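Asker: What Swiss-Prot records for CYS71, CYS73, CYS86, CYS89 is Zn(2+) 1 binding site, and it gives sequence analysis as the kind of evidence. Residues annotated as Mg(2+) binding site in Swiss-Prot, with sequence analysis given as evidence: ASP470, ASP472, ASP474. Positions annotated as Zn(2+) 2 binding site by Swiss-Prot: CYS800, CYS874, CYS881, CYS884.
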Amino acid sequence: MSKLVPIEVTEDRRPTDIKQIQFRLASPEKVMSWSHGEVKKPETINYRTLKPERDGLFCAKIFGPVRDYECLCGKYKKMRYKGVVCEKCGVEVTSTKVRRIRMGHIELVTPVAHIWYVSSLPSRIGTLLGIKMKDLERVLYYEAYIVESGGEAYYDAEAKTPVLKYDVLNEEQYRTLVSRFGELGFKARMGGEVVRDLLDSIDLVDLFTQLKEDIELTKSEAKTKTIAKRLKVIESFLNSGNNPAWMMLTVLPVLPPDLRPLVSLDGGKFAVSDVNDLYRRVINRNQRLKRLVELEAPEIIVRNEKRMLQESVDALFDNGRRANAVKGANKRPLKSLSEIIKGKQGRFRQNLLGKRVDFSGRTVIVVGPSLSMDECGLPKKMALELFKPHLIAKLEDKGYATTVKAAKKMIEDKTNEVWECLAEIVDGYPVLLNRAPTLHKLSIQAFHPKLIDGKAIQLHPLVCAAFNADFDGDQMAVHIPLSSAAIAEAKVLMLASMNILLPASGKAIATPSQDMVLGIYYITLEKNGVKGSNKLFANVDEVRIAIEHDALDIHAKVRTRDDGRIIHTTAGRMLLKAILPNFVPSELWNRVMKKKAINEVVDYVQKHGGIGVTAGFLDRLKNLGFKHATEAGISISIDDIKIPAGKEAKIAESKNRVFEIQKQFEAGLLTEQERYNKIIDVWTDTNNTLATQMMDLVQTDKAGFNSIHMMADSGARGSAAQIRQLAGMRGLMAKPSGEIIETPIISNFKEGLNVVEYFISTHGARKGLADTALKTANAGYLTRKLVDVAQNVKIVEHDCHTHEGIEISDISDQNTLIESLEDRLNGRVLADDVIDPISNEILFAEGTLLDEVSAKVIAEAGIKTAYIRTPTTCKSENGICALCYGVNLATGQIVRRGEAVGIIAAQSIGEPGTQLTLRTFHVGGTASSTAQERQVVAEKEGFIRYYNLKTYVSKEGRNIVANRRNAAVLLVEPKIKAPFSGRVEIQTVHDEVIISVSSKTDTIRYVLRKNEIAKPNELAGVGGQIEGKYYFPYESGAEVQEYESIVETIKDGWNVPSRIPYASEVLVANGAPVTQKIFAKEDGVVKYFLLRGDYLERFEGLKAGYEVIEKGLFATVVDSNNREAVRHYIARGSIIVAEDDAVVDPKTLIAKPKNDESTVIAEWDPYSNPIISETSGTVKFEDIIIGTTATEQYDELTGKTRLMISDHVPAEYKPTIVLASEDGELLRYQVQSKTSIYVEDGAKVKVADIIAKTPKALQKSSDITGGLPRVSELFEGRRPKATALISEIDGVVSFGKSLRGKIRIIVASDNGILKEYFVDKSHTPVVNSGDFVHAGERLTSGIISSHELLRIMGVKTLYNYLVSEVQQVYRSQGVNISDKHIEVIFTQMLRQVKILKSGDTKFIEGDLISKVKFAQENEKIIKLGGRPAIAEPFLVGITRAAVSADSIISAASFQDTTKVLTEAAVSAKVDDLNDLKENVIIGRTIPVGTGIYKDQEIMFGYN
């Protein structure tokens, strides 16, 4: 951008538009040039005449006339004297508006420091002079001396330590030095003058070069830091052309009087702005000081007065920053200039970002069920007031009134003409409705008003969800758009019918709820054997007539024609079909319409019919719902609540089970933890059983027409969980600490709770209310931070032409799917071709925009990962390109240029914040430690491959897992087989991997894409997804037999230790087939093939009942065009059910296993972690001493005693079991507290014997930060307290010598790199000696820090981690948010880089610089032939990112206002006004939407 020239602003010439705003320090000359005169007296106005005093704070001579065009003494009045200066009172005759512009000044007798540059860290004056802030304050407040020149002075008699310039001395030192060296050039002074002189005398360039040398030479970390700090400040002065001496004030500007008004109240009192009081103190002290100096008063008195002057100026700028705040008459601190601009009540947030506007009103809302989608009811009274100017114009226009006065009179009388004109104005004129809190863009929508009587606004029921409004007393505000542009915008973009989709997820939000759902659900239910069953109806009119004549029940099953075939439906569903558009298929409406089903229909209509169709359809749906909900007359009765008959018995049985567990515990068979876990299990199980019995009862009651069941089942109100509390048992409750109380509430609400039960349940209820209050505030703050950090993200171009993308896959958390790949692909652009794994054809090329259909195609093709373009990898400057962002979810189209995607992202993440829990709710105790945590079961077909898996064979002949990590059991199917025996060679060329098989006579090569092959860290469970990727069972150079598979597709995998714990028993052998029931899944004909090489060879003549012995048998289903529709792998040992060439439909069984048992891959003890012997040998105990570190436990079953490590082991003991193997090697096993030991001292053990067992930790209801705190933790990039250490390289672990009680972990890579890590006491290592770890894998317990992840694994890994973590929180609460919103925020967190080497640039090492500035500076330096700077990506939390925004105005209005402005003034920063916030503040058009074309000429062509 070319250098812009500052605009000279004068009183009569104000700029219409500005390009930039610069902040600078004001020189004394500048202050004088602003000033219109010196304020000499502290007086304000004369109490008798109420006229301003001359030379006082409100002086008319300095600041301008009090009355428009009238001088103070009244000699000159009226416009004709404009510009005349009255010779009597000295006032210029002009508009009184100048009192808002004209400034005055105060000549200070002595220079005074500006408190911002002293006390706001880092203290600028202190840093420049190189003295501590405390010392600087002592000098300024006349408590200490600062050395101006040391001369030949020394502190000690031996002349060893010289007195240096800038040393700070106390009174005593000063006296001594003056008496000894006063003649020899020693000079020291105190106060503002000396500081100003010192600042004036600094040669910045000299100092800069000298410090640059120092920083190169110094070795110490701390010194480097302090020098870098100084360099930064010096550099900012050098670049800005500011003079450091200007930080000391010699002339104080005085604010224009109308900005610090003095208002007279009734009763002769005055309301006065605090700033006036602060100015008066400054003037008083300054005048007194002047007199004292003239009188040549004693030094001590003058000094005191100077100190008081400094203090009063400090108070004026920032009261209370230093020492005690100056208090006013009413004992509260006075509001200084800093306080006026900062904080929620400050200028920025109160008056600039949120203004109150004209033409607005607010009132209560009531429901308007008769309105159509775009309408709202507006009370006539309000309309009359809001449209008053329009009305006056209209009345004059029509000739009903001749003058404004007459028109006003008519409006007051409310004559008929007025109503007629009002109706004409309002017709087609949109109004905006807004409901606070405005959490997202749907909280402000436009409607066409309908004039109504009464005093309440009527709101359409369907828009309530978007506004989050209900009718229990909510209020809404109305705003009138005035300009034609605003009206157009309201009509085109903001009408309610345009806002059917939620920008956060693209799902419809204006969908029926509550009564409407109930009505629609009710009419789509079916009943057997009612009037008119099985009749045939031609159309809906016949149905209506029949119902009206009572010949047909609305729930009767009837038949009708649809698409030329007869379908079975019900009378009610035909009524529903009548209001649907024609293109809706019957499977969408011919079913029981629950809330979800209705939403699906609305989504379908929106996608295929567009906005116009949808709006009309929604209105018809609303009317139908309300009508039938009314007619159904569904009500609640206590008898609808059905309590299961077997409840008493079931509870009695559970009590007995608990009693048994208690007895076992008392006998010492169970630990306290096991007892607790088991009891909780019993009750959870009881509660679930009762709940299912009760739900069955309610469902079957009245043949499905039980009112309570209908309400919950339809999704209108209530849930199964609530019915369970009404009719089952209330269940387990949690203590304040989050532990679950083991005595449950047995009663339900119908029976009533007893006193104890009631008391237990009150805690949860009260906590719920407290949480809600806290939550709202937290969620609001999170939204504000998000908006602030993302406000400048907009779409700047269509395509940035990057080829980079990020690999994505399903997000799941320990087998529960959180977000599917299909969902994640919808509305995104591919960054790489997607290849069909079956046919190897390109399904979708790079650059394709995927919609729901294509995303589904990809998912159904069995593809598990894909590369997509994301905002994070976008190369656009100052924004994002449309293709990296994808679809705008609110419209379903590719996003348009100028869309403010940052704000939309922030709102989408912030708005559901209130729904997130503050702490995770505690659903079950250990209800989950059931079968799933004892074993893993194969759910797909294929065969088993061990990856790195080693096993021990125990004495019972079991296979026990010997790996602690970096191993897995894979379930695969063959992809390529070796066509002949030979040697396998694998080589990587660019992004392709070539696998070849060579025999003596022949070589064959297969080419695969590199990113389709599972990487070692992915196989070990450290990286991304392995499902759907390829695995090479043979290493390069291995020999293979003919028809052995050399490339396999991974269908599932269980890695050690996260899916299969150490020391589990593996129940499947390497290479064993896993059979499943295989269904056709498509219509067509079955054909069987065998895999040969990488192609399929026809295998004919298979009959039903055949047991498969072939390897690599595939069944394909081909469609009528002989195209392969689907391919299934048939594992050995399956029984063929569908013979070759059989015709099948999707549900046909093709093959099945021999027996129906599922294949268990591995199983383990769910209640404890075993320690097993790794070799045979002899056991020896260390530090296991009965009574000190261990206790004896008697086992009733075996009759033996067993040692158990005590709960609290004294610090000096480390209980260890040492195993001496037969060849003399020693293996040490440290045992934790509560471990039971299964061997005796000196016993002999065999491989894989259990030595000891540690019980798994007590299952507290999850205490991991969940909900809101977790989200803000992720976005703030906080370093968690308990950070896990992560390995930076791939390598083998060993343990070195401990250092100061810290364990030393060494990771050594193949190429000889060693990395050392020290584990402190609070963490425990999770790796063992000899383990192989991958980069990014954790070495100790704790949470992985995002910063570490970024440093070691890079941006893409961090991206996947953050997106999945945030999604986990939101999805678990049932909130759908598209990934792209999280990505936009994440991109903003990465917009800065950290300088590692500064090269020849102006950066300083360790600086955080925005990527844009970094690139610009480097480009400039390279052009000049210098060395560019080197930087690394750096993750900044959203608060820091917002405060360090490139725009000063935006940063200042967010937080730390004084700090930001201080920094900006010193470095003379320029705000380019590129983003939303600063433009809102100064009142320009914002540069998004049509605002991006603001400066462009538009050409119209005629043809």
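Cβ coordinates come from backbone N, Cα and C, glycine included.
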Asker: Cβ within 8 Å of the Zn(2+) 2 site's Cβ centroid: which residues qualify beyond CYS800, CYS874, CYS881, CYS884?
Answerer: GLU797, ASP799, THR802, ARG869, PRO871, THR873, LYS875, SER876, ILE880, ALA882, LEU883, TYR885
Asker: What does DSSP assign CYS884 (Zn(2+) 2 binding site), in three states?
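Answerer: Once the DSSP labels are grouped into three classes, CYS884 (Zn(2+) 2 binding site) ends up as helix.
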Asker: Select the closest residue to CYS89 (Zn(2+) 1 binding site) from the following binding-site residues, measuring between CA atoms: ASP472, ASP474, CYS800.
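Answerer: Among ASP472, ASP474, CYS800, ASP474.
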Asker: Please report how many Å separate the Cα atom of CYS73 (Zn(2+) 1 binding site) from that of CYS874 (Zn(2+) 2 binding site), as a whole number.
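Answerer: Distance between the two Cα atoms comes out at 68 Å.
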Asker: How many Å lie between the Cα of CYS881 (Zn(2+) 2 binding site) and the Cα of ASP470 (Mg(2+) binding site)?
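Answerer: For CYS881 (Zn(2+) 2 binding site) versus ASP470 (Mg(2+) binding site), the Cα atoms are 39 Å apart.
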Asker: Whose Cβ, among the binding-site residues ASP470, ASP472, ASP474, has more other Cβ atoms within 10 Å than any of the rest?
Answerer: ASP474
Asker: Among the binding-site residues listed here (ASP470, ASP472, ASP474, CYS800, CYS884), which has the Cα closest to the Cα of CYS86 (Zn(2+) 1 binding site)?
Answerer: ASP474
Asker: Around the Mg(2+) site recorded as ASP470, ASP472, ASP474, what other same-chain residues have a C-beta within 8 angstroms of the site's C-beta center?
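Answerer: These residues sit around the Mg(2+) site: ILE365, ALA469, PHE471, GLY473.
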Asker: At the level of the C-alpha atoms, what whole-angstrom distance separates CYS884 (Zn(2+) 2 binding site) and ASP472 (Mg(2+) binding site)?
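Answerer: For CYS884 (Zn(2+) 2 binding site) versus ASP472 (Mg(2+) binding site), the Cα atoms are 44 Å apart.
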Asker: Among the binding-site residues listed here (CYS71, CYS800, CYS874), which has the Cα closest to the Cα of ASP474 (Mg(2+) binding site)?
Answerer: CYS874
Asker: Return the count of C-beta atoms lying within 10 angstroms of the C-beta of CYS884 (Zn(2+) 2 binding site), excluding that atom itself.
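Answerer: There are 29 such Cβ atoms around CYS884 (Zn(2+) 2 binding site).
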Asker: For a quick check of understanding: among the binding-site residues CYS71, CYS89, CYS800, CYS881, which residue's Cβ has the most other Cβ atoms within 10 Å?
Answerer: CYS71
Asker: On a count of neighbouring CB atoms within 10 A, which of the binding-site residues CYS86, CYS874 is highest?
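Answerer: Of CYS86, CYS874, the one with the most crowded Cβ is CYS874.
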Asker: To the nearest whole angstrom, what is the C-alpha distance linking ASP470 (Mg(2+) binding site) and CYS874 (Zn(2+) 2 binding site)?
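Answerer: Here the two Cα atoms are 42 Å apart.
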Asker: Hey, how far is CYS71 (Zn(2+) 1 binding site) from ASP472 (Mg(2+) binding site), Cα to Cα, in Å?
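Answerer: One finds 58 Å between the Cα atoms of these residues.
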Asker: Please list, in sequence order, every residue of the chain apart from CYS71, CYS73, CYS86, CYS89 whose Cβ lies within 8 Å of the Cβ centroid of the Zn(2+) 1 site.
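Answerer: Everything else in range on the chain: ALA60, LEU72, GLY74, LYS75, TYR76, GLU87, LYS88, GLY90, VAL91.
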Asker: Measure the Cβ-based neighbour count of CYS73 (Zn(2+) 1 binding site), defined as the other Cβ atoms within 10 Å of its Cβ.
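Answerer: Other Cβ atoms within 10 Å of CYS73 (Zn(2+) 1 binding site): 14.
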Asker: From the Cα of CYS800 (Zn(2+) 2 binding site) across to the Cα of ASP472 (Mg(2+) binding site), what is the distance in angstrom?
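Answerer: Per the Cα atoms, ASP472 (Mg(2+) binding site) and CYS800 (Zn(2+) 2 binding site) stand 50 Å apart.
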